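Some features that TrEMBL has for this protein:
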| type | residues | note |
| --- | --- | --- |
| TRANSMEM | 21-41 | transmembrane segment |
| TRANSMEM | 47-67 | transmembrane segment |
| TRANSMEM | 79-96 | transmembrane segment |
| TRANSMEM | 123-150 | transmembrane segment |
| TRANSMEM | 162-185 | transmembrane segment |
| TRANSMEM | 197-217 | transmembrane segment |
| TRANSMEM | 262-280 | transmembrane segment |
| TRANSMEM | 315-333 | transmembrane segment |
| TRANSMEM | 345-365 | transmembrane segment |
| TRANSMEM | 377-398 | transmembrane segment |
Amino acid sequence: EGEFSSLRNIYASTNLCGRLQVVWSVVLSNGAPFLISLGLAKSLTPLVWLAAPLCGLIVQPVIGVYSDHCQSRWGRRRPFAIVGTIATVTAIIALSRSKELAQTFSDCFGTCSSLPPRSVENLAIVIAVVFVYCLNIAVATVQVALRAMIVDNCPARQQARVNAWASYMAGGGNIFGYIAGSVSLVDWFRLPNTSQFQFLCLLASAALMVSISWTCWRLEEKILFQSPHMGSTKSGESMIHYLRSTWTRVPRKIRQVLHVQFWSWMGWFPFLYYSTTYIAELYTESIYKAAPSVNPEAGNLIRKKATYLGTFGSLNFAVVSLLTNLVLSHVIGRVIDLLQSKEQWTLIMSRLWAASQILLAILMINTQWVTTSTGGTTVVAVAGISWAFTVWTPYAIIGTELAE
C-alpha cells in the first residue's frame with residue numbers, strides 16, 4: 001500500500017484521465033457546431049450523440065469482460081488501453097477531416113463537375129457520423145481499461161485518494177481543452193488550410209499519445225486472479241449469459257450506485273453536449289434581436305464569436321469543477337482519517353452526491369428563464385459543482401467496494 005501511494009504511481013494511473021478529457025472537451029465544445037457546419041440538421045444531432053450512452057451500455061461491459069480474461073504478457077488492461085488510444089486518435093483526426101475525406105472519395109468515383117455539391121456534403125455528414133461512433137467506441141475502451149487499472153493496482157483505503165487524483169486530472173484536461181478552444185489557435189500559429197477544430201483534434205491526439213506511453217511504461221500490471229470462466233465468453237450468447245449472471249452477483253451497494261448513475265446521466269449527456277451550443281445561441285439571439293438585418297460576412301463573425309463564448313462558458317464549468325474537487329478531496333481526506341467505519345464515509349458521500357444531483361436539476365430548470373449569454377455562462381459554471389461529485393463519488397464508492 002505504501003509503494004502505490006507514491007506520487008509517481010498515482011500520476012501514472014490517473015494522468016490518462018486528463019488527456020482523455022482533453023479529447024472530450026474538444027468534442028463537447030466544437031462537435032455540435034462542426035456537425036451543423038457540415039449541413040446536419042440540428043434536430044438530428046441528438047441521434048449522433050446517442051453514440052456515447054450506447055457505447056457505455058454495450059461496449060464497456062463487453063470490453064470489461066474481455067480485459068478481465070486477457071492473458072497477454074503485456075497485462076490485462078494495457079493492450080486495451082493502447083489499442084483504444086490508437087483508435088481514438090485515428091477516429092478524431094478522421095472526424096475533423098470529414099469534408100476532405102468526402103471530397104477525396106468523390107474524386108475517386110467521379111469528377112467534381114459530375115457530382116452535385118449536395119452529394120459531397122451528404123457524404124461528409126455520413127463520414128462524420130461514422131467516426132463519431134468509432135470515437136465513442138474507442139474512448140469507451142480506454143475508459144474501461146483506465147478505471148480497471150485503478151481498481152487493480154490501488155488498495156481499498158487509497159481508492160478515494162486515487163479517484164480524487166483522477167478527477168483532478170480530468171478537470172485539468174477539461175481546462176486545457178476549453179482554453180485551447182476559446183482562443184483562435186489557427187490565427188496565432190498562422191496555419192493555412194487548417195480549421196480550429198482540426199488543430200484542436202491534433203493537439204488532443206498528441207497529448208493522448210504521450211500520456212498512454214507514460215502510463216504503459218510506468219505502471220506495472222499484475223494478474224490478480226484467474227477467472228474460473230476463462231475462455232467461456234467467446235460467443236455472443238455466452239457473453240450475454242455471463243453479463244446477466246454477473247449482474248445478479250453485484251453487491252447491493254454497487255447496484256444502487258449504478259441505478260443512480262443511469263438516471264443521473266440522462267441529465268448529464270444533453271447538458272454536456274449542448275451547454276456550448278446553449279450559450280452560443282443565447283449570444284446570437286441577442287445580437288439578431290438588436291440588428292435583424294446582418295450581412296453574411298458579419299453573420300459568420302457572429303457565429304464564430306458565439307462558439308468561442310460557448311467554449312469560454314464550458315471553461316468556467318471546468319474551473320469550478322476542479323476547484324470543487326480540490327476542496328472536496330481535502331475535506332474528505334480529513335473525514336476518512338476521523339471515521340473508523342467505511343459505512344459512515346459511504347453514507348456521507350452518498351448524501352453529498354444526492355445534493356449535487358438536486359443542484360443540477362435546479363440549474364437545468366432555470367435555463368428556461370435565462371435570456372443572456374452571461375446568465376447562461378453562470379448556470380453552466382455553477383453546474384461544475386455537481387459535476388465534481390459526479391466524476392469522483394461513484395467511482396470512489398465502487399472502487400472501495402471492489403478493492404475489498
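Each Cβ is built from the backbone N, Cα and C atoms, and glycine gets one as well.
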Positions on the same chain near the transmembrane segment (262-280), where near means CB under 8 A and six or more residues out: 28-33, 45-46, 49, 52-53, 56, 303, 306-307, 309-311, 313-314, 317, 357, 360-361, 364, 367, 373, 376-377, 380, 383, 387, 390
Cβ-Cβ under 8 Å with the transmembrane segment (345-365): same-chain residues at least 6 beyond its ends: 160, 253, 260, 264, 267-268, 271, 332, 335-336, 339, 379, 382-383, 385-386, 388-390, 393-394, 396-397, 400
CB contact flag for the transmembrane segment (197-217) and the transmembrane segment (162-185), at least three pairs under 8 A: yes
Which of 21-41, 47-67, 79-96 contacts the transmembrane segment (162-185) most, counting Cβ pairs under 8 Å: 21-41
Maximum Cβ pairs under 8 Å to the transmembrane segment (47-67) - stretch from the list 21-41, 79-96, 123-150, 315-333, 377-398: 123-150
Sequence-remote partners of the transmembrane segment (21-41) [C-beta within less than 8 Å, at least six residues beyond its ends]: 48-49, 88, 92, 96, 98-99, 121-122, 124-125, 128-129, 132, 135, 139, 169-174, 176-178, 180-181, 196-197, 200-201, 203-205, 207-208, 272-277, 280, 303, 307, 310-311, 314, 318
